[in-house]
Amino acid sequence: MSPQTETKASVGFKAGVKEYKLTYYTPEYETKDTDILAAFRVTPQPGVPPEEAGAAVAAESSTGTWTTVWTDGLTSLDRYKGRCYHIEPVPGEADQYICYVAYPLDLFEEGSVTNMFTSIVGNVFGFKALRALRLEDLRIPVAYVKTFQGPPHGIQVERDKLNKYGRPLLGCTIKPKLGLSAKNYGRACYECLRGGLDFTKDDENVNSQPFMRWRDRFLFCAEAIYKSQAETGEIKGHYLNATAGTCEEMMKRAVFARELGVPIIMHDYLTGGFTANTSLAHYCRDNGLLLHIHRAMHAVIDRQKNHGIHFRVLAKALRMSGGDHIHSGTVVGKLEGEREITLGFVDLLRDDFIEKDRSRGIYFTQDWVSLPGVIPVASGGIHVWHMPALTEIFGDDSVLQFGGGTLGHPWGNAPGAVANRVALEACVKARNEGRDLAQEGNEIIREACKWSPELAAACEVWKEIVFNFAAVDVLDK
């Protein structure tokens with residue numbers, strides 16, 4: 001270790017303020033397999049060198065503070081401190097740098113996403129020496145991954161539970177999201193499920209409001225599930241949102257869902273919190289419930305390119321905390337999401353081993369050592385004309401979720417569900433025959449319209465609906 005960066009408590013305590021880079025900028029450091037590695041996009045204040053800014057991030061997110069303290073001598077800072085070990089300028093940005101920081105594993109409580117984030121993205125984001133700060137990616141070491149249960153069941157177990165293979169799953173968010181009575185809500189679910197969807201969904205802000213209390217909703221949705229299963233011979237589900245004001249109330253709702261015998265429940269993991277989410281994921285594994293995760297509030301955290309936390313980090317955190325599905329954007333719909341960035345974190349959700357690939361925004365190689373995978377959910381402003389692109393982009397291990405794209409059908413919910421199911425089956429059949437969905441997608445849908453009046457009506461309604469807005473968060477060139 002460089003004499004400049006070694007913490008020498010033995011020479012005695014010397015009060016005062018010293019530059020962070022003297023202790024926390026260590027370009028000669030060789031990272032360990034057990035280190036948690038972080039890539040930060042740092043925008044220093046004018047006059048602050050990048051080395052000082054990177055070192056400040058490492059210090060303030062580990063053992064450092066603004067001044068020397070005598071209690072430094074009571075421990076080994078060299079063992080516990082974070083280290084900024086590499087800095088690179090961001091192409092095309094005069095004042096932005098990617099600063100790489102290594103954290104020793106001993107800094108983190110086992111199995112706690114809450115503790116990991118409290119350390120890495122805690123006070124440092126308000127640090128005055130930085131104009132902006134964004135956590136772009138984390139490398140979670142194998143030793144830390146193994147302290148997490150992860151998703152309650154994972155992709156293969158879900159397929160086996162549902163007995164559905166070889167195609168994406170279809171879902172629908174019930175609209176209007178607020179204001180329906182429980183009985184009318186259940187009726188809407190039933191119509192969608194009997195029409196051919198695999199799932200219906202509570203919207204993220206449906207909890208237990210005066211117009212529809214949670215217990216009533218659970219009962220009517222369970223009735224819809226069982227009735228549609230009896231009619232279609234397929235296993236159906238509804239994402240019953242168990243999110244609540246307290247963990248105790250959340251668990252009470254999860255227990256009631258299990259007693260009803262439904263296959264899946266739901267949680268808003270960012271607004272509900274990682275501690276609550278991990279507890280719920282453990283309960284779901286122990287009791288055979290699938291867990292659908294909504295990412296409400298994510299864009300507050302991840303949308304701005306130079307400040308916040310990138311969604312690929314939030315996706316990794318969810319895989320550790322636990323969830324069988326998570327919303328991932330659509331690339332083609334109404335919500336933010338560049339194709340290569342989206343496919344990068346979709347791989348981080350589903351695959352077991354993901355190589356570093358900066359062209360898709362992946363800063364580190366990640367080994368999940370067989371932690372179960374998470375199914376990405378494409379949802380937001382999509383309709384039947386998007387089906388070929390969605391099937392091509394997301395593949396079989398995904399949920400394609402059409403809210404307005406089902407309920408907005410001119411003939412009603414069930415025909416809307418039929419249209420989506422026919423479009424999906426046509427795309428899967430064409431893909432399996434070797435046709436190019438990206439090039440022939442519209443033709444495939446038009447061919448299917450000839451033998452499905454429901455699909456033809458849907459195509460007519462949404463033939464001119466597009467969302468042509470550039471993504472805010474794009475890859476560095």
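The backbone N, Cα and C atoms fix where each Cβ goes, glycine too.
Not measured: the values here are computed from a predicted model.
LYS175 (active site, proton acceptor) counts 16 other C-beta atoms within 10 Å of its own C-beta, drawing on all protein chains shown. What Swiss-Prot records for LYS175 (among others) is active site, proton acceptor, and it gives sequence analysis as the kind of evidence.
DSSP assigns HIS294 (active site, proton acceptor) to a strand. Per Swiss-Prot, active site, proton acceptor is recorded for HIS294 (among others).
The substrate binding site feature in Swiss-Prot is assigned to ASN123, THR173, LYS177, ARG295, HIS327, SER379; the stated evidence is sequence analysis. DSSP assigns HIS327 (substrate binding site) to a strand in the three-state reduction.
Annotation comment: Swiss-Prot describes LYS201, ASP203, GLU204 as Mg(2+) binding site, evidence class sequence analysis. Cβ-based neighbour count (10 Å, all protein chains) for LYS201 (Mg(2+) binding site) stands at 30. DSSP classifies LYS201 (Mg(2+) binding site) as strand under the three-state reduction.
Sequence annotations record features per position, and here Swiss-Prot assigns N-acetylproline to PRO3 based on sequence analysis.
Residues or ranges marked as N6,N6,N6-trimethyllysine in Swiss-Prot: LYS14.
The N6-carboxylysine annotation in Swiss-Prot covers LYS201.
Swiss-Prot lists LYS334 with the feature site 'Transition state stabilizer'.
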Message: Quick check on the recorded positions HIS294, HIS327: which one has the highest count of other Cβ atoms within 10 Å of its Cβ?
response: HIS294
- prompt: Of ASN123, ASP203, GLU204, HIS327, which binding-site residues come within 10 Å of HIS294 (active site, proton acceptor), going by C-alpha to C-alpha distance?
  reply: ASP203, GLU204, HIS327
Field: ASP203 (Mg(2+) binding site) as reference: those recorded positions from ASN123, THR173, LYS175, LYS177, ARG295, HIS327 with C-alpha within 10 Å of it
entry: THR173, LYS175, LYS177
- prompt: By a simple count, how many Cβ atoms lie within 10 Å of the Cβ of THR173 (substrate binding site), its own Cβ left out?
  reply: 24
- prompt: How many Å separate the Cα atoms of HIS327 (substrate binding site) and GLU204 (Mg(2+) binding site)?
  reply: 11
Query: How many Å separate the Cα atoms of LYS177 (substrate binding site) and GLU204 (Mg(2+) binding site)?
result: 8
C-alpha spacing of GLU204 (Mg(2+) binding site) relative to SER379 (substrate binding site), in angstrom: 12
